[in-house]
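A quick write-up on the structure given underneath.
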Amino acid sequence: MDHSNREKDDRQRTTKTMAQRNTHCSRPSGTSTSSGVLMVGPNFRVGKKIGCGNFGELRLGKNLYTNEYVAIKLEPIKSRAPQLHLEYRFYKQLGSAGEGLPQVYYFGPCGKYNAMVLELLGPSLEDLFDLCDRTFTLKTVLMIAIQLLSRMEYVHSKNLIYRDVKPENFLIGRQGNKKEHVIHIIDFGLAKEYVDPETKKHIPYREHKSLTGTARYMSINTHLGKEQSRRDDLEALGHMFMYFLRGSLPWQGLKADTLKERYQKIGDTKRNTPIEALCENFPEEMATYLRYVRRLDFFEKPDYEYLRTLFTDLFERKGYTFDYAYDWVGRPIPTPVGSVHVDSGASAITRESHTHRDRPSQQQPLRNQTTSSERRGEWEIQPSRQTNTSYLTSHLAADRHGGSVQVVSSTNGELNVDDPTGAHSNAPITAHAEVEVVEEAKCCCFFKRKRKKTAQRHK
């Protein structure tokens, strides 16, 4: 009898020990550890919120096995216009061979949400544009342009069109990283296959399409309701290049009673602005670029090498060296805590996917162009550089630590007191109001800017 009881006690102790080991070593997706840490998959600890939008939110995360920071994009599983899985599929379609694409580490459920874990990158071109007093030199614009032509060529080679060109979607690498000089392309929530995967044929030309993209940069044909193709991505890039050189575009700041009227005015002004006037006082190559891409046929494959050569020849003729000495090099660049930039005043729109806050059919007050403080994400200070407090003071992270963050290696989910991923890591994920699905299950820009009051920053 005693022997039987001892065996029973031993089995109970063994079962309890195994359960404790399993609890420690194997965490289901989207569960919390005993210390209340929210996990995505077995590796990724969810940290503070660094962005949000109609379809979910962005969190800072950390890979507990490599000690590296990541970005975690969350979307409610029951979203009426889900796009995260489609974006993940596009990232996989693009693969990891192309330069200037963020690595995607994981996709899976996180409680009532789908989660995509991405490489954490540096600030966007819009942030850097602000840092450089909203004008880039010709050398910097040419180094950006040559790289982005290659990025877009690669995206197109994978049978995708991007459809959301804007400075907020192009990021440099993180400071101190070997890829810090590389311009990355992110956020494929509006991308579309322009080659039918079954027939292998180019999608047909159509008209009366809804606006998809960012009004400030989108092509003239997009304003006219024409189906987008490769030519439209390149025209939008050309508009962005001129934005960087000029500091603004002639169709910015137009007033109208409704958003629909405003988008109409933007399109009309683009059509009525001669390329020569848009590119006045800048090298002829800028006008040549825009003339070429605007003359492309809907089905035509652009000559990317011709366009790159246009800019590389100009670069060499000016005596520049491709040394990645951008205008922002040497300036106090804050260290970003998010790799997916939040929306600016030039918000992306799509009417073929859902009813959006910027949809022209909605009668709502127009937003004024956002200030630079609204455009920026949340930042940490990089103390190794001489900081300009007048620039940085109003742009610090809500959970700043007054200096570099010291991270202790951890694989057990325990939080170091100085770890930014520990801040509000188990805070509830707030789902935003659902939107009406109109046509395709795609979203427009994933993140909205959130203004943070000074008092909130110091909480």
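Placement of Cβ uses the backbone N, Cα and C atoms for every residue, glycine included.
Marked as active site, proton acceptor by Swiss-Prot: ASP164. Annotation note: ASP164 (active site, proton acceptor) sits in a coil segment as assigned by DSSP. Cβ contacts within 10 Å of ASP164 (active site, proton acceptor), excluding its own Cβ and spanning all protein chains shown: 26.
Every protein chain shown contributes to the tally, and the Cβ of LEU58 (ATP binding site) ends up with 25 other Cβ atoms within 10 Å. As annotated by Swiss-Prot, ATP binding site applies to ILE50, GLY51, CYS52, GLY53, ASN54, PHE55, GLY56, GLU57, LEU58, LYS73.
If you look up Swiss-Prot, you'll see 1-13 (among others) marked as compositional bias 'Basic and acidic residues'.
Taken from Swiss-Prot, the feature compositional bias 'Polar residues' covers 15-34 (among others).
What Swiss-Prot lists as compositional bias 'Basic and acidic residues' is 351-360 (among others).
Sequence annotations record features per position, and here Swiss-Prot assigns compositional bias 'Polar residues' to 361-372 (among others).
Residues or ranges marked as domain 'Protein kinase' in Swiss-Prot: 44-315.
The region 'Disordered' annotation in Swiss-Prot covers 1-34 (among others).
Annotated region 'Disordered' per Swiss-Prot: 351-388 (among others), in sequence order.
For the pair LEU58 (ATP binding site) and ASP164 (active site, proton acceptor), the Cα-Cα distance reads 19 Å. Ranked by Cβ neighbours within 10 A across all protein chains shown, the binding-site residues ILE50, CYS52 are led by ILE50.
In sequence order, the binding-site residues near ASP164 (active site, proton acceptor) (Cα within 10 Å of its Cα) amount to none of ILE50, CYS52, GLY56. On the 0 to 100 pLDDT scale, the model's mean across the domain 'Protein kinase' (44-315) is 95.
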